Amino acid sequence: RNLWRTWVHPYRKETMGALDLGGASTQISFIPEDSQGNFNSTLQVKLYGYNYNVYTHSFQCYGRDEAEKRLLALLLQKSNIGSNVDNPCYPQNYNTALTMKYFSGSLCTQSLRPANYYPNKLVNFRGTGDPGLCQEMVSLLFNFTACSDREDCPFNGIHQPKVKGNFVAFSGFYYTINALNLSGHFSLADFNSSMWFFCSRSWAQVQFMLPKFEEIYARSYCFSANFIYYLLVHGYNFDAETWPQIHFQKEVGNSSIAWSLGYMLSLTNMIPAEGKLIHLPLKPPLFAGLLVFLTATALLCLLFLVYLCIVSRNRKNISCVEHVFIPE
C-alpha cells in the first residue's frame, strides 16, 4: 500500500537465480539472458502481474545423499578387495562399515550394483583423506561428454543457457559451505583453498573443526564440497568471474528457503487473476442509454408501488370511520 493506504501495483523487481541441493536431487532456476531461447526446461511464471521466462531443471540422483551412495558403489566396483575399500573423500583414519543395501539399494545406484549383491553384507570403508583422488572419483559421477562439447549442454545431455545474474544457493549448498568456515559470497579460489584444507585433515582434526559435530555429516563434507565444485563449475558452468555472484544462504528475511514456497507460487499461476471479460452484443452508447432507461423504469415502478400503498391505506382509514357507531 502507498501513503494513502490504497493498493498499488509493485514495480518489477530484479530476480535472483536459485540453486537447491537436496538429498535425492538438485535444482537450478534462473532467468536467462536470452529468455526466448529454445530450451525444453523453460517455464513461464507470472508474479504480481509480470511475466518471467524461467529456465528450471531438476537433476534426479544428483542430490547430496544419492550422489555419495553412487560414489561408494563406484569405489566398491573399482576395488580389488571386496570387503575393504579405500575412500579418498573420507577423512584420514576414519573407518566405517556399511551394508550393501545402504549404498546400492536405491534406484540411483542400480546400474552400479555388484553381481554378488547381498543387501545385508558389510563393506568396510577406510578414509585416506586424498583431495586429488577424491576430485578424480567425484568427476566420474558426471557425464560431461553427452552433448559433444556443446556450450549449452554441460552434462547429462541437458541443454542449459549460460548462467546470468546473482544466485542464492541453499539447503545442502549452505550446510557444506558453513562446514568449510565460509559464508555469504566469496571467490572460487577461496572455496578451493578451504576445500583442499578440509579434505586433508584427519578424522580427529575434523571433529574439532566443526561448530556442530554429527558423524554422518562430518565424514561426508569433503565429498560434498568436491561434488559442489564439479556441479557448479563443470556442470552449470560457473567460473572465477561468475562464482562470486552465488550467495550461500540458509534464510532470506528470517524465513527459511525451501522448494515448497516456489511450488505454492507456481500453483497460484493456475488461478486466473481476473475473470474473463464479457463482450456484450451492444455498442457502449446504446448499452448506456438502455441501462438509464431500465433504471428509470425501475424507479417509476417503485414510486407507483409506494403510491398504491398510500392510497390503499387511506381507503382503509375512510372505511373504518364510516362504520363507527355514533349514539343518538
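Heads up, the Cβ atoms here are built off N, Cα and C, so glycines get one too.
Unlike curated entries, TrEMBL annotations are predicted automatically.
If you look up TrEMBL, you'll see G23, A24, S25, T26, Q27 marked as ATP binding site. The transmembrane segment feature in TrEMBL is assigned to 286-310.
In the three-state DSSP scheme, A24 (ATP binding site) falls into the coil class.
What surrounds the ATP site, by Cβ distance within 8 Å of the Cβ centroid and not counting G23, A24, S25, T26, Q27, is the set D20, L21, G22, S58, F59, Q60, Y62, G63, R64, E66 from the same chain. Taking every protein chain shown into account, S25, T26, Q27 are the binding-site residues, and of these the Cβ with the most other Cβ atoms within 10 Å belongs to T26. Counted over every protein chain shown, other Cβ atoms within 10 Å are most numerous around A24 among the binding-site residues G23, A24.
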